[in-house]
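J.: Please read through the structure below; I'll follow up with questions.
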């Protein structure tokens, strides 16, 4: 490699295989300014906060229509209860397919183009929702809006791009918090905005917010995906006559479909070929589904049993929101310590210090499971005996804390484990998680009618305890099962 190439911030290794002329592997050198992990801390965190805000705004839209659905039906002179349900759930259907599309495409074309392109579609579809002239048109645009949510699966991948393993926990806490806080804040915003400004402004507000955030991301966000950056370097080297003829960027070290036509199969391939990903997905999906069941129960419980008004019942969601926030704060403080603790152990010689593994992040899952189950029991039995309303809210806060700790820990584990294919792995996880969130709450009303809130909460707590062994299995066997990470 000549001096000019070294000064540009990359290094290479020529291949010597017989019959191969001038194979060149392009990679970042330690001080490469194009390496996103070498950018300033302020710049990297600005990107994380911007993308996290976009994720929060997108997730806020998930259930923002629920409080104004009666108003929408009245406006369009409809009394079809199916439409009332579809106004909320059709978004989830679009969001189920979104990770399968945007996650793999971001690993093919890079994060920047996919993130900005999908966000433009999202803004257009939200505006179409606000301008709808029929209930069918509105439902169609709700589905398309859910389908355009690229930032949700791409967000954790951006964190992986920007931070090494030892610094990833705090950024993942910020990014993951948005996916659980948004659906809690949505009903509060929707109920008060719909009451004061009408249902169209329930959709105009997120349209304007998405537009403002989209402009900031378009201007400030530079490509962070390593393979895309290195492919551009390789293309630039091809134009330099003083280098060898052929140059390549490293490819993901996994036996997965890599052709463009098969790229959308990557998440499902990872899910079906990696027991570690399958178990982590199962664990998060069960906890996520149980939390969503509680979330859909809060409004009717506080309106029917505690006589809250429609607007005041939205405030009962603040318990979940508090739990999510506390869980994110705890994870941001503790999660990276499981990785750095062994490296900083003075009793271990530097040459004998073991390489940190993703499984070292998993211990919080044990306590998170127990806390979630305890919160489900407290919520159910306090409602059953009509104890003071703050007690079931405390129960929901415990559930929220457990979900936040579970979601952040599992997503960080997956990002650490799957390297260049992290977004596809996260996409597979999110598809199953979203299906569970859409299906499990349907069991809530018949369960509580059959056995009451007390025993119903106990049954749900038992479901949460079923996944307690999963972290132990992953700690013991995950290193063998998961695919080799690519830092």
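Glycine is no exception: its Cβ is also placed from the backbone N, Cα and C atoms.
Per TrEMBL, the feature domain 'Major facilitator superfamily (MFS) profile' maps to 45-481. As annotated by TrEMBL, transmembrane segment applies to 47-69, 81-101, 113-133, 139-159, 171-189, 201-221, 276-295, 315-335, 362-381, 387-406, 413-432, 452-475.
How buried are the listed features, and what sits near them?
T.: Same-chain residues lying 6 or more positions outside the transmembrane segment (47-69) and placing a CB less than 8 Å from one of its CB atoms are 84, 87-88, 91-92, 95, 115, 119, 122, 126, 142, 145-146, 149, 151-152, 154-155, 158-159, 162, 171, 174-175, 177-183, 185-187, 189-191, 194, 199, 202-203, 206, 209-210, 213-214, 216-217, 220-221, 224, 310, 314.
Non-local neighbours of the transmembrane segment (113-133) in the same chain are 51, 54, 58, 61, 102, 105-106, 141-142, 144-145, 148-151, 154, 200-201, 203-204, 206-207, 210-211, 213-214, 217-218, 221; each lies 6+ residues outside the stretch with a CB under 8 Å from one of its CB atoms.
Counting residues 6+ beyond its ends, the transmembrane segment (139-159) has Cβ neighbours under 8 Å at 47-48, 51-52, 54-55, 58-59, 61-62, 65, 83, 86-87, 90-95, 97-99, 101-103, 106-107, 111, 114-115, 117-119, 121-122, 125-126, 128-129, 132, 168, 171-172, 175-176, 178-179, 224-225, 411-412, 414-415, 422-423, 426-427, 430 in the same chain.
Sequence-distant contacts of the transmembrane segment (276-295) (same chain, six or more residues past either end, CB-CB distance under 8 Å): 180, 183-184, 270, 317, 320, 365, 368-369, 372, 376, 379, 396, 399-400, 402-403, 406-407, 410-411, 413-414, 417-418, 425, 428-429, 432-433, 435-437, 439-441, 443-444, 460, 463-464, 466-467, 470-471, 473-474, 477-478, 481-482.
With a cut-off of 8 Å between Cβ atoms, the residues of this chain six or more beyond the transmembrane segment (315-335) that come close are 169-170, 172-174, 176-177, 180-181, 184-185, 187-188, 291, 294-295, 298-299, 301-302, 308, 361, 364, 368, 375, 389, 392-405, 408-409, 412.
Residues 283, 287, 290-291, 294, 323, 327, 330-331, 334-335, 338, 391-392, 394-403, 405-406, 409-410, 413, 453-458, 460-462, 464-465, 467-468, 470-472, 474-475, 478 of the same chain, all 6+ positions outside the transmembrane segment (362-381), place their C-beta atoms under 8 angstroms from a C-beta of that stretch.
Distant neighbours of the transmembrane segment (452-475): 276, 279-280, 282-283, 286-287, 290, 293-294, 301, 359, 362-363, 365-366, 369-370, 372-374, 376-381, 383-385, 402, 413, 444; these residues of the same chain sit at least 6 beyond its ends, with a Cβ under 8 Å from one of its Cβ atoms.
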J.: With pairs restricted to those 6 or more apart in sequence, evaluate whether the transmembrane segment (387-406) and the transmembrane segment (81-101) have 3+ C-beta pairs under 8 Å.
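T.: Touching, no - the transmembrane segment (387-406) and the transmembrane segment (81-101) miss the threshold of 3 or more Cβ pairs under 8 Å.
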